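Straight from Swiss-Prot, the features:
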- Gly40, His41, Thr42, Gly43, Ser44, Gly45, Lys46, Ser47: ATP binding site (BINDING)
- 3-245: domain 'ABC transporter' (DOMAIN)
Amino acid sequence: MSIIVKNLTHIYNEGMPFASKALDDVSFEIKDRDFVGLIGHTGSGKSTLIQHLNGLLKPSSGEIFINDFNITDKNLNLTEIRKRVGVVFQYPEYQLFEETIDKDIAFGPSNLGLEESEIHNRVKASMEAVGLDYEGFKDKSPFELSGGQKRRVAIAGVIAMNPEVLILDEPTAGLDPGGRDEIFNLIKDLHEKKNMTIILSSHSMDDMAKLAKTLIVMNHGSVEFMGTPREVFKSNASKLKDIGLDIPQVLELALKLREKGFDISEDILTLEEAKQEILKVVRGRGLC
């Protein structure tokens, strides 16, 4: 599904003494089946933007189009949009409540009025999609699982609704490095195998550089930069630091080496690219 955001502004407590503008004239377009990384410092407007994309918040002004649906139209029934646009919020495991994993994942599809056989098929398929064996996990309590496994169950509950767009707000928050890598690999697989449009909010610049096809950088409620990871990081490294954001570690290394006089390209995002550049410099100096 394509998403078009036009001149979106959101003011909390509008008209009140403590009014606060969280989004300021935001505009962008996301193509069908894109993988978008949404980055920005705390308070940049990322979470507020996410809540607009399936109608959880209404804008103060502006429009959002999901395919041909203007979801800011007051006369539009948002139920159909929310079936198509799934949102996984921060710490989604806190939303788990059923006594078994099977029942928890089935909760959403059950509210769609589906046949029991279809609900079963969706639960089984979504568990397998997130790497949980159905027979091995279906009767377990979600509260017996590790943090990473709980996160997988929560994501499966959204996938079971068969959304065309999956939005994830800091899905690895609070996980150890192993759990974080598992979730990022899962999201990558969902994008590749299910052809979903993915919008991923994260503070991990290294993972964003590897996963996302498009980056949207938010700053004080506005879109600061938008482009491919290579375009955004290569052209705006110093500006990103100025607004409180990191850059990928391999690019940081390249910039440090350039400061020391090494002729290292700034167009580096992966470890393999960094290795090749360093080898080129070493060989050029006759060191190997």
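For all residues, glycine too, the Cβ spot is worked out from N, Cα and C.
On its own chain, Ser44 (ATP binding site) has Met218, Asn219, His220, Gly221 as residues at least 6 apart in sequence with a Cβ closer than 8 Å to its own Cβ. Counting every protein chain shown, the number of other Cβ atoms lying within 10 Å of the Cβ of Thr42 (ATP binding site) is 8. Contacts of Ser47 (ATP binding site) defined by a Cβ separation under 8 A and a same-chain sequence distance of 6+ are given as Gln90, Asp169, Ser201, in order along the sequence. Once Cβ contacts within 10 Å are tallied over all protein chains shown, the binding-site residues His41, Lys46 are led by Lys46. Least packed by the Cβ count within 10 Å, out of the binding-site residues Gly40, Gly43, Gly45, is Gly43.
Across the domain 'ABC transporter' (3-245), the model assigns an average pLDDT of 93. Apart from the site residues Gly40, His41, Thr42, Gly43, Ser44, Gly45, Lys46, Ser47, the chain places the Cβ of Met218 no farther than 8 Å from the centroid of the site's Cβ atoms, the recorded ATP location. DSSP assigns Gly43 (ATP binding site) to coil, not to a helix or a strand.
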